[in-house]
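For reference, the structure discussed in these notes is given below.
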Amino acid sequence: MLNTFIGDAGHLSVILAFVAATVAAYSYFMASKGRALGDTDAGWLRLARGAFFVHSAAVVAIILCLFNIIYEHRYEYYYAWSHSSNHLPVHYMISCFWEGQEGSFLLWIFWHVVIGLAIMRFNRKWEAPVMAVFSFVQLFLTSMILGVVIFNVKIGSSPFILLRDFLTDLPVFKLNPNFVPKDGTGLNALLQNYWMVIHPPTLFLGFALTLVPFAFAIAGLWKRELTTWVKPALPWSLFGGLILGVGIVMGAYWAYETLNFGGYWNWDPVENAVYSPWLVLVASVHGLVLWQRSRTALRTSFVLVIATFLLILYATFLTRSGVLGNASVHSFTDLGLSGQLLIYLGAFVVLAIGLLVSRWKDIPVSEKELTTYSPELWVFIGATVLCLGAFQVLFTTSIPVYNAFLGFIGIKSNLALPADQIAHYTKIQLWMGVFVAFLSGLAQIMWWQRNDKETLTNSLTVPGILTLLGAALVILLVRYNKLTMSPAYIALLTTALFGVLANLGMIFTLLKRRVALSGGAVAHVGIALMLLGILASAGYSNIISKNVSGMVYSKEFTEELNRDNVLLWRNEMAPMDGYDISYTGQYFDVPGVPEYVNKEVLFRTDDEYKALARSDIKFGDKLYYKAGDTVEILPENTYYRVEYKDRKSGEAFTLYPRAQVNEEMGGLLASPDIKKFLGHDIYSHISSVPDPSKEKDWSEVKEHVLSVGDTIYLNDYFAVFRNVEPAHETAGLGLTKGDIAIQADFVVSGEKKQYHVHPVFVVRNRLIGRVPDEVEDLGLRLSFVNVDPTNKKFTFGVSTTQKDYIILKATEKPFINLLWSGTLLMALGFGMAIAKHRREARRAPQAATPVVKKPRVSRQPAPIA
Amino acid sequence: MKKSHILAIAVIAVAIGIIMSTVGDASVYVSFREARERAAEGNLTKVHVVGRLPRDGQKNIMGLEYNPTLDPNYFAFTLVDTNRIAQRVIFFNPKPQDFDKSEQVVITGAMRNDVFVADKILLKCPSKYVEKDIKGATASR
């Protein structure tokens, strides 16, 4: 049944949310207009608050409506039909939300609502001007999902559009406008991963958090409170840096686990579009901290805080307008909203920069010249380095934008992204890492002490010597393992070690003073460890699946080419680097059973999601299914069992890289399986399998006439015909009374184990039916052709096929755990810093009068900043 | 000179360096004719070529060569660029699984002797994300 009510309710909520945001923005503006900070017009303020509450309620209503559509499988709606399906587990229904553009906008809107309500509660004094900015942003964002056509201009794209309104040309809707599909097309297989349930909300929370310091900065400029905004904004900036940083690494981890490009970072424009605002956000945190401590770098802080938010908007434009086109694998589909996004971006760029320029002269600058011995100088240089790193990523990622722009003004441009993106980005980002690691150590030491030549030398000596010793040791070890190390790598190794040791030393010193102060040092240890992890795992990532078969198809270019994939025949062991590996069959995931279940014990039925157990399924002592039971399976993914055995240590482990045949996504989607060791990961993925959509090529059937007890060779395997018995597996045949079904029992000895083969012979209404049995392991098929009851002879047809194989790529990633544990430390450090700054902001809410209250109009350029 | 001036000059210098490196590393979309000319001049930088796969009457792609049992890391095909120039391309990796369905192919690499050696293949499938058809829509009801 077509249910239009829920969609109408949802769409109405969107319109309400939009109108309420408009009212809130205007009323908050009026409440604060022409008045000093903290002094508001009570009438306008009441109206504004009411409007924002209505807006919040409407946003929640939109989410509930959309979730109901997905949860109840209402496929009359395009969103449910294109992003979900009947068999989707509930926790992945949440991911459906953000598979589409509209839902991800909704997520972003939702976080703004939550943060907005928190500000209304905790930052009363700043409420009116800050919430005016918030509501203004909400106005734009809700307009993106408005789905209203005014004067032939489409404003926004509604998630509540009916399928028949989306696919208007489909003939079925002309015949029956109330047609509802029985199943949806399903969630993109790559998004069916638990990281995809939590990674997008994390990232969008990070996006939303960048609005807070931006709104405070704008409110500060507007209300001429040019210095006091820093204190309430700083904890939010730190929180944003934490969430966005963690969100980026989560995305990297998802890519590492799910995609098969062989790593965690691909310099894809979508990744870059989040990475560069994060760098600027971290730089802005340093600017704000400098102002809090030394009353310097305020102009820089303004610029960086505003730039962060504008970069987030630019990132949104990049990934959602379709401008990236060929350049990215995972940008969203173009919804024809690029014009709207450009207006959005343009409006904020003009307003924010205009306001900043008009107040620029009034922003206080510090008069003291920074010396080499002031930590502020080095922190400032560190922030600058971060910005330069961000600039490189942004400048290169924008190449498709230049093309689009030049095309727009009529110049044909054929510029493309660098062919070797890794090399291009690495040559700058690596040096950014070197400087960041070094400066983080140096500035951290200087930050907590009075500096002159003597004290600085003293406190640098110990970490300096330890660093050089450690670096020398590592370089020797690398050489010992017959690997080379370029000067750039040595520089990064040395500075990152220095970053770790200097900051660790600082943590121990601060433990004696106050633990709460060490947030910065902890975060910097984390960053330095991440750099070491990246250096080791990316710089020394080692492909162990080199083709060593000696069979090379072409001799054209043999010299320097990498042949990174090996072919593994089923059940045949092959040497690979230090391992012996073998591919031993295809498996399914069966819910409720702790391990994957071999396809060979499952008899597939017409229902894709159900199979019959051909033998008992048990693991350990527990029996999960008896032979003949109906087993629920998840048929999308096939798991390829690959056994590894270390030739030296004899240690063995098993990996199950998976692949999914998916017509819509085009072919085979492979995901890796990773064996984690303390010091390295073994990462393997399938590169290719025999085309599953093609019928197998069977040899011509060869007939054998046998008596019970006979022995024959089948496809080079020794086989015994043991018996003929009534058939066990008749569930799929639909037998009725009077039908006869018998099966033969063969035992075939394969390389590793024995296989029971049961071809079935059926007599039904005097018609003969045959159900052949296949041993995939051996590439063998047996059919029960005929029975000669008088002579007790039985005829069997035997055909063979090429054995199953997989093509595998395997990589060793050394010390990748440093990256993940560094991330956790970084997050911990950010958390400690947030706690510290929140306490400070609360302790002295008003007393913190800044040094320069009435800013002097300075005509001279700032010494720094 | 003040420190801030030195710093400002250094920042500008690095920024210019970054822009230069981007301009230097940026690749271009070219036709096979231009790719051959570049190779003839000894310019071995990698380029992007956009093309289509030639198909016969039954919509089968012509000229695919992939025999994994012999060499899993050798895949060869013919690509026809936008100027309708056909070129043999080899890719020293397994054949991408969705290759047969793709409409448009973007390759990066360079000409070596008479063949184009690709190191990356980007496929554009007809409807990778937006579904335009309902399976079995006419069958039910």
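In case you wondered, yes, glycine gets a Cβ from its N, Cα and C as well.
Features of the protein shown, as given by TrEMBL:
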| type | residues | note |
| --- | --- | --- |
| TRANSMEM | A:12-31 | transmembrane segment |
| DOMAIN | A:101-321 | domain 'Cytochrome c assembly protein' |
| TRANSMEM | A:105-123 | transmembrane segment |
| TRANSMEM | A:130-153 | transmembrane segment |
| TRANSMEM | A:203-222 | transmembrane segment |
| TRANSMEM | A:234-255 | transmembrane segment |
| TRANSMEM | A:275-291 | transmembrane segment |
| TRANSMEM | A:337-357 | transmembrane segment |
| TRANSMEM | A:428-448 | transmembrane segment |
| TRANSMEM | A:460-480 | transmembrane segment |
| TRANSMEM | A:486-508 | transmembrane segment |
| TRANSMEM | A:515-540 | transmembrane segment |
| TRANSMEM | A:815-835 | transmembrane segment |
| REGION | A:843-865 | region 'Disordered' |
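At the 8 Å Cβ cutoff, the transmembrane segment (A:486-508) and the transmembrane segment (A:428-448) share at least 3 close pairs (sequence separation 6 or more) and count as touching. Sequence-distant contacts of the transmembrane segment (A:337-357) (same chain, six or more residues past either end, CB-CB distance under 8 Å): 101, 140, 143-144, 155-157, 214, 218, 221-222, 302-303, 306, 309-310, 313-314, 316-317, 320-323. Same-chain neighbours of the transmembrane segment (A:275-291): 206, 210, 213, 227, 230, 233-234, 237-238, 240-241, 244-245, 248, 297-298, 300-301, 304-305, 307-308, 311-312, 315, 376, 379-380, 382-384, 386-387, 389-391, 393-394, 397, 865, counting only residues six or more beyond its ends whose CB sits under 8 Å from a CB of the stretch. With a cut-off of 8 Å on Cβ pairs spaced 6 or more residues apart, the transmembrane segment (A:515-540) and the transmembrane segment (A:428-448) reach 3 or more such pairs and are scored as touching. Mean pLDDT across the domain 'Cytochrome c assembly protein' (A:101-321) comes to 90 in this model. At the 8 Å Cβ threshold, with sequence separation of at least 6, the transmembrane segment (A:203-222) lacks contact with the transmembrane segment (A:428-448), having fewer than 3 such pairs.
Within the same chain, the transmembrane segment (A:12-31) stays apart from the transmembrane segment (A:428-448): fewer than three Cβ pairs sit under 8 Å, each pair at least 6 residues apart. When Cβ-Cβ distances below 8 Å are used as the criterion, the transmembrane segment (A:815-835) is approached by residues 235, 238-239, 241-242, 245-246, 249, 253, 264, 516, 518-534, 536-537, 676, 678-681 of the same chain, each at least six residues removed from its ends.
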